[in-house]
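Novice: Before we start, here is the structure in question, set down as structure tokens.
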Amino acid sequence: MQKKYFGTDGIRGKVGNSLINAEFMLKLGWAVGRVLANSHSATVLIGKDTRISGYMIESALQAGLSAAGVNIKLTGPMPTPAIAYLTNSVRADAGIVISASHNHYPDNGVKFFNKDGFKLSDELELAIEKQIDKPMKTVVADRLGKAARMNEAHGRYIEFCKSTFPSNLTLKGLKIVVDCANGAAYAVAPSIFHELGAEVVAIADDPDGFNINQTCGATDTAHLQEMVVKHNADVGIAFDGDGDRLIMVDHHGLRVDGDELLCIMAIDRFYLKENAPLGVVGTIMSNLGLEQTLKRHHIAFERSPVGDRYVLDLMQQKGWFLGGESSGHIVDLGFTTTGDGVITALQILRIMQQAEKPLADLKKVMVKNPQVLINVPIKGILDIAQNPNIKKAITEAEKQLNGAGRILLRPSGTEPVIRVMVEGSDEGIVRQTAEMLAAAVQQSTL
């Protein structure tokens, strides 16, 4: 059955539209509560990022859950992976995160975790949707849910993250620039690295409700790259608005993406022979260089559709524990149930300290193929497969690559854009081909 409200990662959109408003969020909270009503004294954890609209959505969800007889624990601004961890840790029945991840402040959304800290199954999402379409009824007064602040949430998550770093190792001697994207990680990430001994320069750590992901964070690392060079830092770390993805910067000020970080982690495990990976999951967007490097080390590699949910699904099907995306979502089931930017950063820093090598040297393990990604804004729905102009452009692009590359056009699951990706052996031809395809898509939207 096709879902009516849920997308690839919860429910997301422009604040004030038909879904991201107080009325719908009230009903959504009630619907979630109804699905959990079979649980005795059900409790739901709610966290959020730093968007101004988070207050409205939090209040509406809280009212709906209470009306269904469910208790609520409120953490305030916390990274998405923190809610996944804490939901399981405090034995809550579900966790809710109010966030639109890497999008700017006019957008917001809601995503969910089950009691084990994993994202909801399709069956549960459909059950919630079924309740949304029913008339809302409030339980009697003595069964209303109660709400309480979880003041210890920050401290518990900080200690959990530190527990994933070897106790006989510190970050002393490292200077780290941390870009918090003016998002959910601002109150916890700098403290974690500082408590482990690093000298920390925090940037984009002053959210005002409107500046989340604004010229900062994992999707815009230009300022971080400048600051790493300016401060003569060893490494730069960039999170996105909800802290579940990570991009790093080496001491030369050069960006290190999710494919490279995933490769470093996989090869490290391979040589340590501790939990050596049987295989690694990437996506259809992952650089071919990642696949080639892993196969040289006899590590299997499989591609899933884009989205950390699909990465995790394939990991679980294969029985593998490591996977991720070029964008910086990296899932390590040895530590977490979802992508966690802080924990991924700690693993890379551990490798740097143990190997006594800078990130610039570690990333040399993988040679990236030239790859160009262009996001083309669209209005409405564009059928890529049936559009004659786009089909003609793809045929021409395949001729230009001459069998030595990959072409991928796909609609984003989170933004109104078509993503055009071209990969090949010659950077000039790759860029020219990508720009030609992007122009064809743009022309088709007029």
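For all residues, glycine too, the Cβ spot is worked out from N, Cα and C.
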Novice: So Swiss-Prot lists D240, D242, D244 for Mg(2+); which of S89, S101, S121, S412 goes with them?
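Specialist: As annotated by Swiss-Prot, D240, D242, D244 share the Mg(2+) site with S101, chosen from S89, S101, S121, S412.
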Novice: What is the set of residues, excluding S101, D240, D242, D244, whose C-beta falls within 8 angstroms of the centroid of the C-beta atoms at the Mg(2+) site?
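Specialist: Not counting the recorded site residues, we get D49, P79, T80, S99, H102, G183, A184, A218, F239, G241, G243, R245, G339, G341.
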Novice: Calculate the distance in Å between the alpha carbons (Cα) of D244 (Mg(2+) binding site) and S101 (active site, phosphoserine intermediate), and round it to a whole number.
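Specialist: So the Cα of S101 (active site, phosphoserine intermediate) lies 8 Å away from that of D244 (Mg(2+) binding site).
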Novice: For D242 (Mg(2+) binding site), just count the other CB atoms lying within 10 A of its CB, please.
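Specialist: Cβ-Cβ neighbours of D242 (Mg(2+) binding site) within 10 Å number 35.
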